[in-house]
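Asker: Quick one: the structure is below, and I'll ask about it shortly.
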Amino acid sequence: FLYSLHKSDLPNQCSPDPCHKEGTVKCEDLKGDFYCECKRGWQGKTCEKDVDECKVQNGGCNQLCLNKLGSYRCSCHSGYALKDSKTCEDIDECATSADICGEARCKNLLSSYECLCDAGYKYDEVKKTCQDINECEEKLCEQTCVNSPGSYTCHCDGRGGVKLSQDMNTCENIKPCVPFAVGKSIKSLYLGRMFSGTPVIRLRFKRKQLTRLVAEFDFRTFDPEGILFFAGGRQESSWVVLALRKGRLELQLRDGGVGRVTSSGPLISHGMWQTISVEELERSLVIKVNRDAVMKIAVSGDLFTLEKGLYQLNLTVGGIPFKTKDLIQPINPRLDGCMRAWNWLNGEDTTIQETIKMNEKMQCFAVAGRGSFYPGRGFAVFNLTYMQPSSGNETKTSWEIELNAAIQPATDTGVLFALVTEAASVPLSLSLVDYHSTKKLKQQFVIVALENRVVSRLAVELCDKKEHAVDILLKKDHLSLRVDGIEGESELSISELEDSLSMLESSLQSTTKTYVGGLPDVPVTATPVTASYHGCMSIMLSSKALDLDEALYKHSDITSHSCPPAE
C-alpha cells in the first residue's frame, strides 16, 4: 500500500524535549526538525554550549571578568570594590575601618593600606602599636649610645680629647680653632709650676769665710700674692722670705729669734718686667725695685750660718723649705710669676740654666697677658657654698649662683664651670659645644645644663678670636644665660624650670664641689660636655674674682694669673 503522509501528521519533534534545559527559552517543533531558542549566554543546536562573554573586550569589565555557565560577572582585585556592575574603585581601608592600624597612622594605598609610625618607631602588627626602635642595638655610635623614645644620642668621652663629628655618630679629636702663642722663653724661670707651692729651685751655698746675701733678678707677674724666694738657715734660725701680698713686695725676716714683716714699695703685679734686688749689708737689708731702694731693714744677725767650719746658706725659689703656716705671717705661696737674668751671690750658675733648657715646664710664656690659661686638660676644683645664710626669722634658706666669665676660647668644646656631687652627678654646668643635640646639627653654642639636660643655649661664634662675656644667674625661681649681653634661649617650660631648679637646690644642700675648666671622672652621659676647656678665662663669682691659687687642687698646666695671646 502506498500511504502519502502529510507533514502535519509527523510526531512532535519537541517531545521529548531535545533542548538543553538550562540554556533554552523554548523548543519549537519544525515538523521533522526542531529549533531551540537559547537564553542569553548559551549557544549551539540544543543551547548546550556556554557563551564566554569574557573573550570579547573582557566582557566590558575594567579589572576581572568571571565567566559562568550562561552568564558572567565583573570582579575586582583585592583592595578594590565594584562601583557599578563593571567598574572597580579603590577601597579606602582607613576610612572604612577606623582602628585598622590601632595607635599607628593609616595610609591608604592603591588596592591596599599601610600602618605608619613616627621615625624611630616600628609597627607591631599583632599589638597594633608603635614600638620604639632601640638604635643602640644597631651599634650606630662609635662610643656611648643612649636610646630615647623615637631617637638616640651618641656621646664621645671629652676627657679623652674627642667630640661628636658631623655624622653625629662617630667621634673626632678636639682640635684648636684659634691658635694661641704658647711659645716659651728658654731664658726664663716659671715660679708657678708646682701647685703644691713647693720651691721650683733649691740651692745650697757653702763659703769658707763669712759671705753676705746678694740676689738680683728681673721679674714679671699679674699675680698679687705668692713667694719669690727664701734665703737663710733652718726655720728656727735666721732667714728672709721675699713675697708679694696685694701686689706689693713683702719681706718676712727672722732675726735672732724675732720675727718681723715689712711691706712697702710700688705695685709690682702689673705684668711688666722690673728688676728686683735684695742686698745684705753689715747691719741692714736693702730691697730695690728698678735700682730704687723701697725697703731698708735693720738686722742684727747674719743670714749665713756657721756649720762644720763652713758658712752655709739655703736658697729656694718659688717656695719655702718649710710649711707656710710657720711663716711669721701665713701666705698663699703659689705665685704665677716669671724670673729672668737672675744672679744669686754674684755667681753665674749655669746648671740652673741647663736644667730649665731641658724642661719646658720650667719656662714661662714668652708673652703673657692677664687671665688664666687652660691648656685643654685638667681642671681646678674649689670647695664653695652657694647657700646664703637665712636672715633672722626666715626658715627657708636662699641660694644664688652668679657667675661672670670672660673667655677667649681656643676650641669650640669644653666645660667652663660645673658643680659635681659626691655621687659623680653634675647638677649644673656651663659649657661650650659645637652641635645641637636634639636637632643633630653642627653649630657652636654656649649652653647651661642641669644634669644631662640643656636648659638654656645661645648660638655664638666661638672661634672669632674675640673675648666673650658669659654671665649666668641662678636662684630659686630664675635661670638666665647671657653672652655678650644677649639673652640665651630657654629650652624649658616654667613648670619644668621650677622642678629642675628645686632639684639643683637639693644638690646644693648636700656636698658639691665647684669645678672650673674641666670635670673629674663622671659618666660621659651625666652631662652634655665632658671635655676640658682650652683657652683664656677669668671668672667672677658673686662679683669676686676667683683665684685659681686658692683652689683645693689645680692641674699644674693651668696658669692661674697669666695667659698667652691668640696668634
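Glycine is treated like the rest: Cβ placed from N, Cα and C.
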Asker: Pick out which of Cys27, Cys47 TrEMBL lists as the disulfide partner of Cys38.
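Answerer: Disulfide partner per TrEMBL record: Cys47.
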Asker: If you average the pLDDT over the domain 'Laminin G' (192-364), what number do you get?
Answerer: 91
Asker: Any idea what the Cα distance is from Cys19 (disulfide bond) over to Cys47 (disulfide bond), rounded to a whole Å?
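Answerer: Cys47 (disulfide bond) has its Cα 6 Å from the Cα of Cys19 (disulfide bond).
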Asker: May I ask which residues of the same chain, at least 6 positions away in sequence, place their Cβ under 8 angstroms from the Cβ of Cys38 (disulfide bond)?
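Answerer: Cys38 (disulfide bond) has long-range Cβ partners Gly23, Thr24, Val25, Gly44, Cys47.
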Asker: Starting from the Cβ of Cys536 (disulfide bond), draw a 10 Å sphere and report how many other Cβ atoms land inside it.
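Answerer: Cys536 (disulfide bond): 25 neighbouring Cβ atoms within 10 Å.
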Asker: Using Cβ-Cβ distances, find the residues under 8 Å from Cys36 (disulfide bond) that belong to the same chain and are at least 6 apart in sequence, listing them in sequence order.
Answerer: Pro18, Cys19, His20, Gly23, Thr24, Cys27, Glu28, Lys45, Thr46, Cys47
Asker: If you skip the near sequence neighbours and keep only those at least six away, which residues in the chain come within under 8 angstroms of Cys563 (disulfide bond), Cβ to Cβ?
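Answerer: Expected: Ala368, Gly369, Arg370, Gly371, Ser372, Phe373, Gln408, Cys536.
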Asker: Under DSSP, the domain 'EGF-like' (90-131) has how many residues in helix, strand and coil?
Answerer: 4 helix, 18 strand, 20 coil
Asker: So how many other Cβ atoms are close to Cys47 (disulfide bond), meaning within 10 Å of its Cβ?
Answerer: 22
